[in-house]
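What TrEMBL lists as active site, proton donor is 206. Sequence annotations record features per position, and here TrEMBL assigns NADP(+) binding site to 13, 14, 15, 16, 17, 18, 19, 20. As annotated by TrEMBL, NADPH binding site applies to 106. What TrEMBL records for 191 is L-homoserine binding site. As annotated by TrEMBL, domain 'ACT' applies to 355-428.
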Ligand SMILES: NC(=O)c1ccc[n+]([C@@H]2O[C@H](COP(=O)([O-])OP(=O)(O)OC[C@H]3O[C@@H](n4cnc5c(N)ncnc54)[C@H](O)[C@@H]3O)[C@@H](O)[C@H]2O)c1
Ligand SMILES: N[C@@H](CCO)C(=O)O
Ligand code: NA
């Protein structure tokens, strides 16, 4: 009988939005977790900061001493505290003691992932982190395991629910930034410090994890070019709408191949205009979606709830079952795969496309002045649209692909032209043939 087997002991660190749901589900379906694991799964303690705030947790499980809980008899440590410290020290301690770890902490993995992998490897423990990227969506396991026999060329997607929730609302109802951010917080999507969401830090950490797994290369959060959504205003949303596009905060990880065949990895997070008929355009609210392009598999799309207590708990519990099962059968999960060690390309040298919207003086020759700036910087133009007369004259340009640095230099030069009254919006364009 499975119930009679030696239980797998689980220490839970943190009992906030996600931790509460993990604990609720473990207590609601013990027979199913036991059957899937091969042994009963017992929570031996829950580390929190303020015990009186957790009436839902049996009192005998609560502790404020996370260190002692980790050092105790747990087989698996589930970390749902977030942030770098004390999570880093606690997980390092657990791994060095040979205990497997399940975490949803993208910030920690994106900065210190290699150190944790090494500790896991050296001590025969596992580290699982499906919840760290795109919440409930099974994405990291497919990258780490199912696609291990393929060659991935691109991973592009919406990986931050909070900023997507805000951009979706701005686009569909014209809602304001602050009120929507507050709603996202109340719904449990936003990080404890929501600047991590709106300034792109959360998505950049996820991009680092995705790029590392996709390209078998160590990519950290510091390698990821990052721009958030704070500069996206009604002007940008309208400019996109006028061209049948919408604005999304995208994480883009690519293998870039130069003419001489040398390869590098580019990882970036920034707002971008995508066509309204692109599958990512229809991803709204806290939903996430990620495209993966692999040499043999072709295009794959992963879609689902990227944030929220229960969806994230689903991913954590899937990992917990895997880690616990490995303890039962003395098996091992996947290790770090960083054999390719491709260089990380700077944003300046990354090929991108720009959409530029300008208010211009209604005078002959404006178009040719602007066009000559593009020529000078070797940037070719894909679309030009000149609209209005007099004070309302405007010019919209969409470029072909060029290096990001050349595009930025061109915009700076154009802004300095006397005929250009205002640069209304500048945004990168993704999701359409270049
Ligand atoms: N909320 C989501 O939608 C979501 C989705 C995916 C991943 N995550 C990740 O999951 C983790 C947890 O997120 P959350 O939304 O549940 O956060 P949360 O802020 O709701 O919960 C964290 C809890 O940890 C507690 N805590 C802080 N320091 C502690 C310590 N030293 N010892 C014990 N407890 C401590 C806090 O009091 C809080 O209750 C984070 O890494 C986050 O990035 C969250
Ligand atoms: N704050 C994150 C949680 C999921 O990682 C988001 O909004 O997507
Ligand atoms: Na996931």
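Yeah, the Cβs are placed from backbone N, Cα and C, and that goes for glycine too.
Small disclaimer: the values here were computed from a predicted structure and weren't measured.
Taking the features listed in TrEMBL, we show where each one sits on the structure.
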{"residue": "13", "record": "NADP(+) binding site", "contacts (Cβ under 8 Å, 6+ apart)": "19, 47, 66, 69, 70, 77, 78, 79, 80, 81, 87, 90"}
{"residue": "15", "record": "NADP(+) binding site", "contacts (Cβ under 8 Å, 6+ apart)": "23, 46, 47, 48, 54, 57, 80"}
{"residue": "16", "record": "NADP(+) binding site", "contacts (Cβ under 8 Å, 6+ apart)": "80, 82"}
{"residue": "17", "record": "NADP(+) binding site", "contacts (Cβ under 8 Å, 6+ apart)": "188, 308, 309, 312"}
{"residue": "18", "record": "NADP(+) binding site", "contacts (Cβ under 8 Å, 6+ apart)": "80, 104, 131, 309, 312, 313, 316"}
{"residue": "20", "record": "NADP(+) binding site", "contacts (Cβ under 8 Å, 6+ apart)": "56, 309"}
{"residue": "106", "record": "NADPH binding site", "contacts (Cβ under 8 Å, 6+ apart)": "129, 132, 133, 202, 205, 206, 209"}
{"residue": "191", "record": "L-homoserine binding site", "contacts (Cβ under 8 Å, 6+ apart)": "82, 162, 197, 202"}
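In sequence order, 12, 21, 22, 23, 80, 81 are the same-chain residues whose CB sits within 8 A of the CB centroid of 13, 14, 15, 16, 17, 18, 19, 20, the residues recorded for NADP(+) being left out. Annotation: 206 carries the greatest number of neighbouring Cβ atoms among the recorded positions 14, 206 [cut-off 10 Å, Cβ to Cβ]. Here the Cβ of residue 19 (NADP(+) binding site) has 27 other Cβ atoms within 10 Å, regardless of which shown protein chain they belong to.
Listed in sequence order, the recorded positions among 18, 19, 191, 206 whose CB lies under 6 angstroms from an atom of ligand 2 come out as 191.
Summarised by DSSP class, the composition of the domain 'ACT' (355-428) is 26 helix, 30 strand, 18 coil. For ligand 1, the neighbouring recorded positions among 18, 20, 206 are 18, by Cβ distance under 6 Å.
Annotation note: residue 106 (NADPH binding site) sits in a helical segment as assigned by DSSP.
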